[in-house]
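Marked as phosphate binding site by TrEMBL: C:91, C:129, C:130, C:131. Taken from TrEMBL, the feature domain 'Exoribonuclease phosphorolytic' covers C:17-145, C:163-228.
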């Protein structure tokens, strides 16, 4: 493919190039899995804690559960933003629901019967892509947590069905751009988050035309470039 | 196309057939636009109220704004469900954000400068498709509200850029099914909500593989059938 | 009686005349009883949902319970009003307590042992008399719910002791006016809500002299005209 | 009148006899008016604080305002009850709204232009009649606060139009009983709170047949005995 | 000791002199212990209520518990302050935690197994020293409550290990001043609260240099004068 | 000094020895100052954000302000703890008030007129001493923030009056132990937090005898050992 746009990315990346990725694992000791994940200037603490017991709606079902929480530390942005308190914003709720659904798609819940996994994504520094980074980094911490649970003999087989990862892609001047940073996020007319697994299947597709609509063919182009990026991310986490 | 599945729909519909639609308009007098919209057994009160003034982040911008609220009346389901109070569920927040974004896509905000439109979607009876029905019904009430504003001489030209409508589509046995009722919603492995405008462009695509993942080709099939349904819905609202 | 005042009612009614009443029943399918009740321009959705179990203070008492919730939809007034959230206003709490007490007075609680009835009064359009209309309309939905419960063989005898209905009455120029609409409600010096049953007994009397006080003889005149109105309302619901 | 019932009151009072009353005034220094009011074993701290300024809806109206708050101290009952927190119960809201309305009826709001009076009724010990005691005691503190405001030269004339007082009355065995204590309150079939002013006019009448209904003639008997009690209370506060 | 400062106390007290103390006990009937405690113009209602049962973390431990709540009545200050609602201020939480810890230090928890004591400190009038007064007055109510529990035969031996009392002390011009009233509290550069028991041991020391720091030797001087004051307070409560 | 106790510290430290300290600075880019501070296994993110403007009570005073927030990340402990939401615990409020007071003591508020500094202490891993670590680490971030403000020419002179640092000390078997980890924190009978500045003056002293009281001489010993530790910490931050 030729360069898809005259748009010059602020950090000089090619239009289908991921940001540099850095993973520090384990990052802290208390949780079963923990990783400090950096995607360019976006930095996330991803932890997975495991508790015995399941929510009421699963009692007696012989299944486990996974739930996710997402927060931005107040100093993760300029200017500092207030902590969410008393009620979560719609944005935060959407993000933590998306992360939860995506990571549940990676798990065989019968293999973690009677355990609840809680994934915490805390944003240290926000420069775009925190929700997709939360899925990608969250999966890495999840895998470590599953490994620990097996090593401790608490479960018999790995509950991981397939690896999952996620990336954002946007349209600028009608052309797809991979892995948007904050500055690019403000510039796109269409914003899409794509979650895929290691078999190449889609887990979640969310495309939003806030300032413009998009055609079926543009949707296809965005999915193509997302597919490329996710394959690179998955290579990293395996 | 041939029938896409052996699955028999509970209400005998073809796999790409919408439910019967009934619109009562106007429904109440106070709001600028109001419609009682029925999509099969799903019944929604959709109203649009207009207030002078805009939110703080738009002051001085010469633009108007549209915001949406979505609630289920407690007796809209069996068993009765409690009213959301003190904090909205993630589901409710996601839905009202989706409705708001989709209807904003229909409007030229400079044509309603200094006005805020509030769309209220109150679910009287829930049988699947309340979020897409809220967009489709909400647009009809929005159009009536814009007409009234023009008739009253408060705005000069219609702020409607394009009509929008929305529909759900799901995968059952790997095949697409249009306009899911509640029973079907429980049965699908993949659930997608599609919002399109009257030019055939996509406004929003949200596909979720809660119990299974989906391929690019299945995504395409779902979008095809959604496209058919939305065209029928748009014919109705024009 | 001769006309009690020189005051001309905005809608031309006689001083002791009810507004036109329209009842649509059933209105929705999910609840055990449901009615769309219109008293002039006041429109209410009245539903009764039945759940097994009783509140803690009644456990083991061989009695059932009835509780009521009252809300105004945001577009029920001009201008639109915000939904009550996080805390209910004193007005709303007073109204739903009044509706609950009044409808409990209609029931033999031992005949619905182990069931809780929840009455939801949602105001679609507000033009005065929503609390008394909620009692009158709520009773009609309650009767339907009791009939259904008997038809399903879940209770043996009707729990209805007596029909109840309610009406407002006010003083304008010192004279009683029946069934106030919103415009009249603003004009009265004294506002009274009266709840009676089909034996002619009082269930509740609430008279408030916000802008003026009232004599014992004026209280008697207001009760006389309320008595006339309630008898007409009860004829309707039987 | 002859004794209206065979019912023997627990404290030996006649059926139309008030409990002993004790007033300590002033009780604390900070508020403009303060009284420790005892009606039998019911003890209330009634204070009136005065602030400059009025609520938004009165700005520019040349009127003042009065608002009331009512709370029970946790140790005012056996067993201790929790403080109301985050949301007020319906009972508390009803009571403080009743106290506010009743005391506003005593005032000429144009005489306290630009002042807001806040009446706080804090129940030290609860033995029935706290809401009517709050009105009676609150008026006494209100009068002191008005006197102080005049003495300080901040207002020119007394804003008191008429004294107000309140009392409860109930039906036991179909007969009226004046000024119910807690034990009697549990025994009555009908419970009525009556607020009157020093001209003998009614300010508020609230009669509730929780466990039984009542006839017009019983209503009249209850109002007669309330009238007697309130005249005695007003004698006390003048 | 010579006079420690040229500072003249507003009420003419010596620099190491307590305010006049007045205790009215019992003050109300419902709680097991109750006292109206006055330290100069600071007035507090201190009650101790006893309930069966202990918090979850103590179940099965054969120990009892004591918890404290602290509130200021809105009219306790000029101007009136709003009731704390929905969330407690940090100051209030600090104070009630301090009171709870200090009074727990006085008790042998095994002697009140299965009982929870709730100490309520409600400030009627605030003139400085409400937290230390709450400890001193709370202990007196606690002792009465323990005596009652023994008299009723519910516990076998007194759970009181040692009497406790508390006092504030501050630095003005670098010199210690005992038992600060509100005006002095504003003037001090360092503010310290000291809790001691009847054996002369320290229970709690909290010294805060809001506007200035302090030396070890000044700390010693403040503790000396606090020691003197607490001994006088303890004499009073025994 | 000889070893003060037979108690063997779990990590083999001497009784008056600090844990190993590791500081990573800067840690993130957005805030004016940021440090990842490790005191043994206790890890804290300490950031200082600077906003223009001051709280209402300081407007027009020509002073700046500093406020602090403290939170534990949910995975900082085993088991995971829930995020504080809707209301802060008393412990959290106490801690963030203490941190705020202590760091304000380090600043000349007139040198940061019209700026508000917000210190965020987020606990990544909790092993005792998070509040004192928050003060010590918070000061280091505060110094960096002040340096940046001067470098940007926004303030003329350094607002730092004196460096501050804090440490915990406890009594085990009646002997003082410096810089308690979590396991030791559970073992002490008396717990003290000491804040000092670089001139050797005390900023704050908080000693609490939860399970035992303490003598004046024990207080002195604890202050001696705290003094030693704080001097070492201050050497580090200068």
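Residue 1 is the first one shown; counting continues down the chain.
Cβ from N, Cα, C; glycine included.
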Neighbour tally for residue C:130 (phosphate binding site), based on other Cβ positions within 10 Å of its Cβ: 24
Neighbour-count leader, CB within 10 A, binding-site residues: C:91, C:131: C:131
Neighbour count (Cβ, 10 Å) for residue C:129 (phosphate binding site): 25
Secondary structure content, the domain 'Exoribonuclease phosphorolytic' (C:17-145) (per DSSP, counts of residues): 41 helix, 42 strand, 46 coil
Site extent for phosphate, whole Å (max Cα pair distance, C:91, C:129, C:130, C:131): 13
Filtered binding-site residues - C:91, C:129, C:130, C:131 - keeping only those with Cβ under 8 Å from chain F: none
Overall pLDDT for the domain 'Exoribonuclease phosphorolytic' (C:17-145), taken as the rounded mean: 96
